[in-house]
Amino acid sequence: MLPDRPPNKVTDYEAATSFLGQWGPFQQRVFFLLCLCVVPNGLITFSIVFVADTPAHRCLVPAHLNLSAAWRNSSIPLEEDPSLSGALVPSKCSRYKLEDILSHSETGLLPGVDVNLSNVPKEGCLDGWEFDQSVYTSTIVTEWNLVCDEGWKKPFTSSAFFGGLLTGSFFSGQLSDRFGRKTIMFATTALQVVTTLIQIFSSSWIMFVILYFFLGLEIISNYLVAFVLGAELLGPRVRTLFSTAGVCLFFALGYMLIPLLAFLLRGWRSLQVIFMLTGCIRLPLFWFITESPRWLLSRGKIEEAELIIRKAAKINKIEPPAVIFGPLMVRTLSHVCIQTHNICDLLHSPNIRWLSLTMWFIWNTINISYYALSLNTTNLHGNPFLNCFLSAVVEIPAYCLSWVMFRWCSRRLSLSLSLFTGGLFILIIQLIPTHLAVLSITFEMMGKFAVTTAFAVVYAYTAELYPTVLRNTAVGACSTASRIGSIIAPYFIYLRTYSVSLPYILMGSLTALTGLLSLLLPESFGMPLPDTIDHMQSFPGTRKSLEGEDNCSFFLVI
C-alpha cells in the first residue's frame with residue numbers, strides 16, 4: 001500500500017498566501033527593488049570593455065636623447081596593419097635601435113635619403129610605451145603595459161572574472177539554501193564593496209586579477225540569489241514577468257550606463273569608485289527586502305515566515321487569516337518515501353544524457369558569441385563609447401522579441417532561427433570591405449541582437465525540457481557549464497592579433513552550426529511540463545528510459 005501523498009509545498013504555499021493578491025504594494029516593492037539590485041551587475045560585468053581597453057601606442061623614445069626632428073619622427077618602423085587592409089602604420093612593439101639612429105643623427109644623415117631604413121636594426125620597447133591619452137587617461141593596459149609580449153594578460157583578466165562567475169554560480173545556490181537568500185545576497189554585496197575598494201588601490205596586475213576573480217564571484221552570487229528571491233516572493237503571474245523582462249531589462253540598463261560613465265570619467269580607478277558606490281547604495285535595501293518565506297518554511301521557521309506574510313498583508317492593506325500555514329503545511333515528512341535526484345542523473349540514461357550534452361554545448365556557444373561580441377565593441381571602427389552603447393541598446397528589443405517568440409512560437413524553431421541568423425550575420429561581417437565601417441557595425445549589432453534573443457529563449461526552454469525532479473539542477477548545470485564559454489570568449493577576440501577575420505569566421509560558423517544542431521531538440525511548446533524522467537520527450541536516436549514506477553510520490557520542495 002502506497003503511503004499518503006505528502007503535501008505539495010508549492011501548491012499549498014500558493015494557496016495559503018493567495019489572499020495577498022498578485023500585484024499589491026508589497027509585490028511592487030519587491031519587484032522594483034530586486035530589479036534595481038540587478039542594474040550594477042550589468043554595469044560591472046561589461047566594465048572590462050573600458051577598464052582594459054588598449055589605446056593607440058608606440059615604443060617610447062626618451063625625450064633626453066639628442067635626436068634630430070627627422071630621426072625622432074622616423075624612429076618607429078612601419079608595419080602592415082591587418083585591421084586596415086594591410087595599410088602601413090607605426091609599429092606598436094618595436095623601434096629602430098637607438099644606438100644606430102643616434103649615430104646617424106649626430107653625423108647629419110637623413111632617414112630615407114642618406115640611410116635606407118630597412119637596413120637599420122630594430123629592438124623592442126626597452127623604455128616602455130607611449131600611449132595615446134585622447135580617449136582614456138588610464139586603463140589597466142596603460143598602467144601595467146599589457147601589450148606586445150604581455151598582451152596575453154588582457155584576455156586573461158577577462159577570463160579570471162568569468163572564472164569567478166563560474167565559481168560563484170556553483171557555490172551561491174548551496175550557500176543560499178543553507179544560510180538564507182537575503183543573508184547571502186547582502187553578504188556578497190558587502191564583500192563586493194570591500195573588494196572594489198581594495199581594487200582601487202591595486203599596485204600590480206596580479207593583485208588586480210585576483211581581486212577581479214573574487215568580484216566576479218560576488219557579482220554572480222548576489223545576481224542569482226536576487227533572481228531566486230524574486231521568484232519565491234512573487235506570485236505566479238508576476239514571477240514570469242520578473243524572471244524574463246524584469247531582470248533582463250534592468251541588467252541591460254546597467255550595461256547601457258557603463259559607456260556613459262566611461263565617457264565621463266575616462267580613468268579605470270574612477271570607474272572602480274562608481275562600482276563601489278553602487279554596492280554602498282544597495283546595502284540599505286537590507287531593511288526593505290524580506291527573506292523568502294518559502295526558504296524559512298523549508299528550514300522549519302514557521303513563525304518567521306508567518307510574520308513576513310502578515311507584514312506583507314499589512315502593506316497591501318489586507319486582513320490576513322488567523323492561521324496562514326496550517327498543520328498540513330508543516331507536518332513532518334520523515335515517514336514519506338522520497339526519491340532524490342542529483343546532477344549525476346543528467347547523464348544516467350541515453351535520452352537525458354544526449355539532451356544534457358547537447359544543451360551544454362548550445363549554452364557554451366551562446367556564451368562565447370554573446371560575450372565575445374560584447375567585449376569586441378572597442379575594436380570596432382568609430383567611437384568606442386557609442387559602439388558599446390549600441391551593443392547594449394540592441395538587447396532591449398531582443399528581450400522583448402524573445403518574450404513574444406516564447407509565448408506564441410515553437411521553442412525549437414525560435415532557438416534554431418535566432419542562432420542560425422546570428423551566425424550568418426557574424427559570418428557576413430568579415431566579407432564587408434574595410435571602408436564600409438558603418439555597414440560592418442550594423443551587421444555586428446544584428447548578430448548581437450540575434451544571439452541575445454537566443455540567450456533569453458534558452459533559459460526558459462531548458463526549464464521546459466527537464467522534469468520537475470531535475471529542473472533546478474539541470475538549469476544550474478547548464479548555467480555553470482556555459483561559464484566555460486565565457487572564459488574562452490576573450491581569447492576569440494585576442495585572435496584579432498593574427499587575423500581580423502578569424503574571430504568572425506570561428507564565431508559565425510560555430511553559432512550557425514549550433515543553430516542547426518538545436519533542431520534535434522524535442523519540442524516543448526504547448527506540452528505539459530514533465531514531472532519525472534520517464535515523462536521526458538525522446539531525444540532523436542534514443543529511447544525513453546524505462547525506469548518504471550516507484551512507490552514514492554514526486555514533488556518539488558522549495
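Each position is counted from 1, following the chain as shown.
Any Cβ shown, glycine's included, is placed from N, Cα and C.
TrEMBL: automatically predicted annotations, no manual curation.
Features reported for this protein in TrEMBL:
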| type | residues | note |
| --- | --- | --- |
| DOMAIN | 100-526 | domain 'Major facilitator superfamily (MFS) profile' |
| TRANSMEM | 30-52 | transmembrane segment |
| TRANSMEM | 207-229 | transmembrane segment |
| TRANSMEM | 241-265 | transmembrane segment |
| TRANSMEM | 271-289 | transmembrane segment |
| TRANSMEM | 354-372 | transmembrane segment |
| TRANSMEM | 384-406 | transmembrane segment |
| TRANSMEM | 413-432 | transmembrane segment |
| TRANSMEM | 438-461 | transmembrane segment |
| TRANSMEM | 473-495 | transmembrane segment |
| TRANSMEM | 501-521 | transmembrane segment |
*Same-chain residues at least 6 beyond the ends of the transmembrane segment (438-461) whose Cβ lies under 8 Å from its Cβ atoms*: 244, 248, 359, 362-363, 366, 369-370, 373-374, 376, 380-382, 387, 390-391, 394-395, 397-399, 401-403, 405-406, 411, 414-415, 418-419, 421-423, 425-426, 428-429, 432, 475, 508, 511, 521, 524
*Which residues of the same chain, at least 6 past either end of the transmembrane segment (384-406), have a Cβ under 8 Å from a Cβ in it?*
42, 46, 49-50, 53, 135, 244-245, 248-249, 252, 255-256, 258-260, 262-263, 373-374, 377-378, 414, 418, 441, 445, 448-450, 452-453, 456-457, 460-461
_Closest-packing stretch to the transmembrane segment (473-495), where packing means Cβ pairs under 8 Å, from 271-289, 354-372, 413-432_ = 354-372
*asked:* Pairs of Cβ atoms less than 8 Å apart decide it: which stretch in 271-289, 354-372, 501-521 has the most with the transmembrane segment (413-432)?
replied: 501-521
*Could you pull the average pLDDT for the domain 'Major facilitator superfamily (MFS) profile' (100-526)?*
83
